[in-house]
């Protein structure tokens, strides 16, 4: 990363391993068991944080950010708060029974209510949230977990089945802003796409990223727009003939004029 053009101030925050009793107390508090790969990760380092900047006019500008919350910050999403008003709306109110459930192509989406347990892994610098999801929490919490991305419009997007696979995605995408949106149907923003073009990662999703990112771009073909067309010669049109009604009125006016002139001459 440091050898990439324009990259400066690559900062890696070293963290101590999490204590085993801290992990056990977290599991007891939330009534679920951490996946084995994530537990081993926390036993090596209690979270992960790495940032880097780019130089614009000799001034470093923060760009990349890779974050994985530690055990203490692995908070449940949508959990009840002490400061919540009695009748205040919650995320569970967003649940709709008419939502399409998972099928062969798309997995079943997480639920904001008690049917799922959701924990925040990465705040994504305010662009959304990467979450560790236990989709089946009733009657007993299932140990199967998945990694999902919750965008700012509160729509779910599937990322990976394991934490290890997500960790690889995080590293290969270099923590570029909004990189998680490459796995959504609407792709990354035009501004983020410029950074992707400069520091484009080599991933298995590169073809998908290029297709989806271009789907909302106005494709203009200048050859078709400025193509010269053969002009057809314009035929000179004859002056329009007067309609029959106007001819009759013109004839009646002339006849009345002649009759009046005749009457005047007879009087003379």
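Every residue, even glycine, has its Cβ placed from backbone N, Cα and C.
Nobody curates TrEMBL annotations by hand; they come from automatic prediction.
If you check TrEMBL, you get these features:
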type	residues	note
DOMAIN	17-161	domain 'Knr4/Smi1-like'
REGION	88-112	region 'Disordered'
COMPBIAS	93-103	compositional bias 'Acidic residues'
REGION	227-268	region 'Disordered'
COMPBIAS	227-239	compositional bias 'Basic residues'
COMPBIAS	246-260	compositional bias 'Low complexity'
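Along the domain 'Knr4/Smi1-like' (17-161), the predicted structure has mean pLDDT 84.
Break the domain 'Knr4/Smi1-like' (17-161) down by DSSP state and the numbers are 27 helix, 44 strand, 74 coil.
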